[in-house]
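Feature annotations, reproduced from TrEMBL:
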TRANSMEM  28-50  transmembrane segment
TRANSMEM  143-164  transmembrane segment
TRANSMEM  176-193  transmembrane segment
TRANSMEM  205-226  transmembrane segment
TRANSMEM  247-266  transmembrane segment
Amino acid sequence: RIALVYFIVAVIETLTTKRRPTVLEPGYSSIFTAYCWQWLGGFVAFVIYMTTTYSLYVPDWSFVVSTDSETTQYTVKCGMRGHLGPACNAVGYVDREVWGINHLYMYPVWQRLKACTHSSPSSGEIREDAPSWCRAPFEPEGLLSSILAILSGTIGIHYGHVLIHFKGHSERLKQWVSIAFGLLIVAIILHFTDAIPINKQLYSFSYVCFTAGAAGIVFLVFYILIDVWGWRTPFLFLEWIGMNAMLIYVLGAQGILPAFVNGWYYKSTNNTL
C-alpha cells in the first residue's frame, strides 16, 4: 500500500512539475490551485472508492475452513449495497473477486469483536454461536481501500508543498492549522453522526480525514517546538527515526525490535528488559 500510494503521488508530482507556477498568487487558495493535478488525483481516488463502496451489489458468498480433522463450508448472507460491517462490505467483495478468497488474510481484526469471541477485545477462540463471517478471511490492505489511501498521500504531500512555498512561520502554521483541524472536524462529524464511521479495515473516508488531520496536528506541534522555539536537541533522535522511517516500521511491525529487547535479561529469561 505504501509503495502504491507513493508511486502514484510521485508520478503526478513529477509529470506536473512544469505545469505549476513557481511563485504563488496572493490568497489562501492559491496553493490548492497551483497543485490542482495532485488534488484531482486524490479526488478521482475518492470518487472510485465512494462509488464502489456504496453502489456495488454484494451477493451471498461462501468460504471453506480446513482443520486437521475436518473441512467446513460457511455461507455469509448478504444481497445488499453500501454495507460497512464486516460481512457484506464492497471492500472485501472486490478483494475476493480480484485476488481470490484463498489469497486473503485469515485472521482479520474483527475476530476480536464480542460477536465472535468471549475474549473480546483480545483475540481468543471463536464462539460456537458466532456469525459465519467471524471465521472468514479479509484483506486489511486490500485493493479498494488502498485506492482511497492515495488521498492520504495527497494530503500528506500538501503539507510539504506548504513548507516549500511559504517561508514565514505564521503563514505555514495558518495553512497547516486550517487543513489539519478542518479534516479532524469533518472526521468527527462523519463518525458521530454515523454517516461514515471511522474504520481502518475499510479505510473509510472519515478514517482518512481523522488520520491526516491528526498527523497534521502532530507535525505542526513539532514544527513549533523545533523550528519556531528552537528546541532541537531533545528531539535529535526523531531525526534519525524520520530518515529511517521504513526501517523503524519493519523493526516494530515484524517483532524484530521487541525480540531484540527481550533478548537481554538478568539471570533468568523471565527478567528481560
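The backbone N, Cα and C atoms fix where each Cβ goes, and this holds for glycine too.
Unlike curated entries, TrEMBL annotations are predicted automatically.
Most Cβ pairs under 8 A with the transmembrane segment (143-164) among the ranges 28-50, 176-193, 247-266 are made by 28-50. Among residues of the same chain six or more beyond the transmembrane segment (205-226), those with a C-beta under 8 A of the stretch's C-beta atoms are 46, 49-50, 148-149, 151-152, 155-156, 159, 172-173, 176-177, 179-188, 190-191, 195-199, 232, 235, 238. Within its own chain, the transmembrane segment (247-266) is flanked in space by residues 241, 272-273, which lie at least six positions past its ends and keep a Cβ under 8 Å from the stretch.
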